[in-house]
Amino acid sequence: MWPPGLPWALALLVTAASSGPSADPADRASIFADLSPAELRAVRTFLMERPELGLSPSQGGPLAKNSLFLVELLPPQKRRALRFLEHGGARPPREARAVLFFGAQAEPNVTELAVGPLPRPSSYRPLAFKGGRAVPFWARPMTRLEYELLHEALVAALAPLEPLLLQATGFGFQNCSERCLTYSDIAPRGVGPGERRTWLVIQRFVEGFFLHPVGLEVLLDHRDPDPRRWAVRRLWYNGRHFGSVRELADSHARGELALVVLPEPPARGLFSSYEPRGRFGTPTDVHGAKVCEPQGRRYRLRGNRLEYGGWSLAFRLRSSAGLQLFDLRFGGERVAWELSVQEAIAFYGGHSPAAMQTKYMDAGWAMGASSYELAPGVDCPETAAFLDAHHLLDADGPVRFRRALCVFELPTGVPLRRHFDSDFQGGFHFYAGLEGRALVLRTTSTVYNYDYIWDFLLYPNGVLETKVHATGYIHATFYTPEGRRYGSRVHSHLLGNIHTHLVHYKVDLDVAGSGNSFETMDIRFENISNPWSAGARVVQPWLHRQPRRREREAALPLGRPAPRYLLFSNPRRRNRWGHRRTFRLQLSSHAGPVLPRGWREERGVTWARWQRGQMCHPWGRGVLAPVTPPCWHLPVLPRSWSRSL
């Protein structure tokens with residue numbers, strides 16, 4: 001969807017000539033580098049000065065306006081990038097991806113533009129969403145301005161409940177200074193297309209407020225661009241539903257409400273705080289084991305290019321979804337074009353409305369731009385190399401995030417290889433061993449209550465591993481006896497709700513070239529005659545290979561047993577023994593489906609149906625992209641792919 005008067009005649013992008021394959025490796029990696037603060041400012045200035053866009057500053061003003069929400073790098077097309085990296089072709093034009101909210105027009109919508117060439121942009125062009133549909137304005141991500149207006153509307157709407165809240169919690173919304181209430185908001189924001197209604201969990205504003213729900217949940221309708229028309233549509237208190245604020249207030253005034261009076265939170269030793277308490281068997285005033293580099297760093301970091309133990313790669317931290325690696329090589333040969341985080345979801349169940357409704361899709365909350373400062377000695381070793389990041393998200397200029405990434409070498413604690421050759425007389429013929437080490441590229445995403453720790457590990461034997469650790473606080477709701485069906489009671493008035501986390505990675509393998517095939521291999525058993533002993537039989541394993549030539553054959557459903565070995569090979573490249581050049585993909589997840597197939601919200605995360613899915617899509621933008629909430633609005637997979645499965 002375009003704003004009125006947008007010109008269709010766009011200027012041609014200017015491409016700069018390159019020096020070919022002999023260019024410096026760091027310069028080659030720079031085509032994948034995140035936009036610099038100067039480039040972010042240049043894109044914003046260029047778009048703000050385009051009269052046909054009619055953009056206003058992000059902060060302040062009404063919601064019904066045209067504004068710039070996000071600017072980040074638009075990676076070059078794989079075909080162009082390979083031509084530059086491998087064949088001395090022209091350097092791909094450097095472009096930005098810009099997400100704009102067009103709220104001040106007859107059909108408000110969310111639009112994506114490609115802006116370039118950088119560093120001096122002079123043109124833009126549309127980036128169509130999958131399926132060719134425009135994203136309506138009601139499906140936009142939340143902004144700081146909308147949160148401010150949401151808080152004001154909530155405080156005003158709940159004024160009649162102030163006596164109830166003060167009596168039950170000792171905290172309030174009206175003119176509070178220290179003993180204030182706050183809220184956590186739930187997504188998706190509605191039960192169908194066209195809605196923008198959010199359940200808000202009311203909580204005491206203390207350290208770890210996520211674990212202090214007071215028993216009140218409020219459904220606020222904020223679809224209208226005019227906040228004066230926002231209204232509370234429903235409330236839930238301690239297991240009961242109410243149709244209006246007045247109904248709940250009257251029930252309390254008449255003494256008909258089952259009021260839960262919460263105990264006063266202690267001044268110290270609050271259970272939700274990170275303040276150490278209790279006794280530990282290990283002394284806490286003595287330093288534990290540390291990572292050290294006796295002779296300095298053994299890896300090389302130049303700009304966004306990383307080299308270690310035969311590995312080389314380019315990396316970036318995109319604002320929308322986080323870490324993205326490109327052009328991964330081992331021993332000088334490319335093994336993967338891209339490895340990146342695409343999405344993380346957490347789907348919940350519970351007795352309260354908020355718990356029932358919670359189905360978070362964290363890319364919609366800008367996982368990459370939630371990469372806050374890493375603490376040396378805790379988040380990463382003191383010896384790590386720390387890197388800053390710059391994001392332009394819901395702001396009127398780039399914002400610096402200090403120490404958003406770190407790189408460090410880590411002893412694994414297990415030898416990579418070792419052998420003790422005993423002479424069985426108390427001595428040995430020889431001993432040999434190699435220390436086990438890995439290089440770690442790490443960042444975090446603090447998406448509200450959860451802190452995801454994202455690790456990419458490079459091993460000197462050619463193994464590449466991804467890990468994610470979920471820490472922070474659980475997403476919890478107010479305890480009621482009915483809630484035990486959906487979780488565990490973790491404190492006096494707190495329920496830890498059942499939920500499933502799933503993470504979506506994109507892996508574009510290029511094993512000795514881009515013409516790869518996929519096959520699975522399992523172990524089967526055969527019962528054969530013993531060739532050296534007449535009448536005897538031998539039962540032994542053998543390797544059963546199954547080529548997976550079609551997308552349907554290559555998709556492995558989640559929750560079903562998968563083949564033991566997933567192999568990506570180059571049929572035209574073989575090693576000295578005649579075997580295909582091959583990489584194995586090893587999956588370790590034990591998760592099951594988050595919802596029945598085809599259910600409303602499940603259609604927005606169709607990638608979660610599969611342990612792995614394969615797309616025959618060699619060029620262009622990423623096939624599997626983050627979804628703009630609400631999650632049912634846009635399909636994650638192309639229509640033909642999801643229909644064929």
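Yeah, the Cβs are placed from backbone N, Cα and C, and that goes for glycine too.
Note: TrEMBL annotation is automatic and uncurated.
What you see is a predicted model, and the numbers here were worked out from it, not measured in a lab.
Per TrEMBL, the features are:
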type	residues	note
ACT_SITE	Asp362	active site, proton acceptor
ACT_SITE	Tyr450	active site, schiff-base intermediate with substrate
DOMAIN	39-123	domain 'Copper amine oxidase N2-terminal'
DOMAIN	140-240	domain 'Copper amine oxidase N3-terminal'
DOMAIN	290-609	domain 'Copper amine oxidase catalytic'
MOD_RES	Tyr450	2',4',5'-topaquinone
SIGNAL	1-19	signal peptide
What is the interatomic distance between the Cα atoms of Tyr450 (active site, schiff-base intermediate with substrate) and Asp362 (active site, proton acceptor), given in whole Å?
10
The domain 'Copper amine oxidase N2-terminal' (39-123), counted residue by residue under DSSP: helix, strand, coil:
20 helix, 27 strand, 38 coil
For the domain 'Copper amine oxidase catalytic' (290-609), would you mind checking the mean pLDDT of the predicted model?
93
Based on DSSP, tally up the residues of the domain 'Copper amine oxidase N3-terminal' (140-240) by helix, strand and coil.
31 helix, 32 strand, 38 coil
